[in-house]
Amino acid sequence: MLIIETLPLLRQQIRRLRMEGKRVALVPTMGNLHNGHMKLVDEAKARADVVVVSIFVNPMQFDRPEDLARYPRTLQEDCEKLNKRKVDLVFAPSVKEIYPNGTETHTYVDVPGLSTMLEGASRPGHFRGVSTIVSKLFNLVQPDIACFGEKDFQQLALIRKMVADMGFDIEIVGVPIMRAKDGLALSSRNGYLTAEQRKIAPGLYKVLSSIADKLQAGERDLDEIITIAGQELNEKGFRADDIQIRDADTLLEVSETSKRAVILVAAWLGDARLIDNKMVELA
């Protein structure tokens, strides 16, 4: 497994792979890898000849400096996991390598609408940072496919739109959420939970599933469903942050013509902001 930290060396390797006619898959990550990331890697391996995993804690997508400072950097352990998975290339650049003149004056990519709604409204600049780094990685790696987790539902929708709008010839693969046995969605942020909070955390998925059951049973008073869900989260020990029921295809408000809904839930548990989602067919 090659570990590359600089743009010139990465370009050199990508040129070689292209000359050899290899099909390349990219899995962009911020490191602190868990089994959910490994599922992305496995999906990439099944679809391509060569798998490139990027590990970069992107300062442009953090709206709070303290979150950036405390995000775990576990490069050695991450590389060991990826090596066991037989990943071909890890791209692990420094911030200076990606943003040589800092982030303030760096050219950015913005996806209007999707970048400022829902999660984007509570995390200003976050999605602009995501679309900027992902587009840069696409330009550098030139993958045939790229794999992203469906846990970050809005991020996946944003990347799909960016790819369509910018004309990237890249297949975007959404990989289903991987959960612990108790239902908790795997996330790097789960590492912020204390042992006691970890016992409470599966309650998020239980509330999410309860909303889904109500929708599938034909309930359509969304305001009431959301209010009750928020109360249930707070009773379980969470601080409900945002609960939304949206059209799964547009992320706009659910309408009479909506065929699928996505339930998006965000809640604080101690210092960890947990997010999860679930899709529901609207008959």
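Cβ coordinates are placed from backbone N, Cα and C, and glycine is handled just like the others.
For 30-37, 149-152, 186-189, the entry in Swiss-Prot reads ATP binding site. The active site, proton donor annotation in Swiss-Prot covers H37. As annotated by Swiss-Prot, (R)-pantoate binding site applies to Q61, Q155, with the evidence given as sequence analysis. Annotation comment: Swiss-Prot describes Q61 as beta-alanine binding site, evidence class sequence analysis.
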DSSP secondary structure for L186 (ATP binding site), reduced to helix/strand/coil, please.
coil
Measuring C-alpha to C-alpha, could you say which of the binding-site residues N32, G149, S188 are within 10 Å of Q155 ((R)-pantoate binding site)?
G149
Cβ-Cβ distance under 8 Å to H34 (ATP binding site), same chain, at least six residues away:
L186, S187, S188, N190
Which whole-number value in Å describes the distance between the Cα atoms of the residue listed as 'active site, proton donor' and G149 (ATP binding site)?
8
To the nearest Å, how far is the Cα of K151 (ATP binding site) from the Cα of Q61 ((R)-pantoate binding site)?
17
Taking only the binding-site residues M30, N32, G149, which one has a CA atom nearest to the CA atom of Q61 ((R)-pantoate binding site)?
M30
Least surrounded among the recorded positions, given as H37, K151, when other CB atoms within 10 Å are counted:
K151
Please state whether DSSP places M30 (ATP binding site) in a helix, a strand or coil.
coil
Check each residue in the chain of G36 (ATP binding site) that is at least six apart in sequence and keep those whose C-beta is under 8 Å from its C-beta; list them in sequence order.
G149, K151, I177, M178, A185, L186, S187
